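Here the structure is laid out as structure tokens; the discussion comes afterwards.
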Ligand SMILES: [Mg+2]
């Protein structure tokens, strides 16, 4: 290669690494923005949201939970636990993540899922982090055993493990199992993180990324049929009229991926998602992570980002997650 060629490839790498950094920052800040925009209208119907607010396009105070504008919920708080642990331990350490989840739970958060609370209560009593989620899952009935509480927090792993997809899938599943052991939840985390990993690396096209990610994580036939069927046609074959916005993990994944991958901008993606109400903060968080990974941090409106107390830490953590090179075996 000539010197000029070296120059060109160095410059291409610099450009690429700036893009990766922007998309990594967009992933974490996007998650928090979607969470905070959706928080005031969680549990509302679209009609009730329209009657009270018209259309939610700004960070609102009060509403559900009665908090100031830009207040994030468990989705962002638990993602922060994971990101801080990864940065400090420089690898996935399930016991450390579980300890941080428990410390957060013991701080008295205003929003926590039932499955998460039950699992962390077992951890507090001495159950190993590997077993807690499974024990809770085994005593829960179908219909209340596959919530979105692990999918909502999992994306920091996609930044740290962006070069090692097999290990990313493993840690995504293991981290889910601390609280959510249902195969739809564990595979859902692996799927979302594989999609985000591809978007952050700048390799993905929005049409093919979900089906490619599904194929990539489907080793040893571990993607449940129900998950495969529900998301394989995303986004082109999805009818937006059929999307759900509940706390069911597959509804959240489908809607978050759909809005994140089809909107023309970060803002449009998150606004469309949260105005559907129901589990608005979590669908907003997943949508925001996907759209932030796709469009980069510059696409996130300043008027939203500047309301977030956690903004500076989220950006610093995103940068640090790109620097660590976790174990690959
Ligand atoms: Mg929440």
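Just so you know, glycine gets a Cβ as well, placed from its N, Cα and C.
TrEMBL annotations: computationally assigned, not manually curated.
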Please identify the range among 1-21, 22-42 that TrEMBL labels region 'Disordered'.
1-21
If one looks at the chain holding residue 279 (Mg(2+) binding site), which residues at least 6 apart in sequence have a CB under 8 angstroms from its CB?
42, 43, 148, 245, 246, 247, 252
Taking the Cβ of each of the binding-site residues and counting other Cβ atoms inside 10 Å, which one has the highest number: 73, 282?
282
If you count the C-beta atoms lying within 10 Å of each candidate's C-beta, which of the binding-site residues 74, 75, 281 ends up with the smallest number?
74
Quick one: which of the binding-site residues (73, 75, 279, 281) have their CB closer than 6 Å to ligand 1?
73, 75, 281
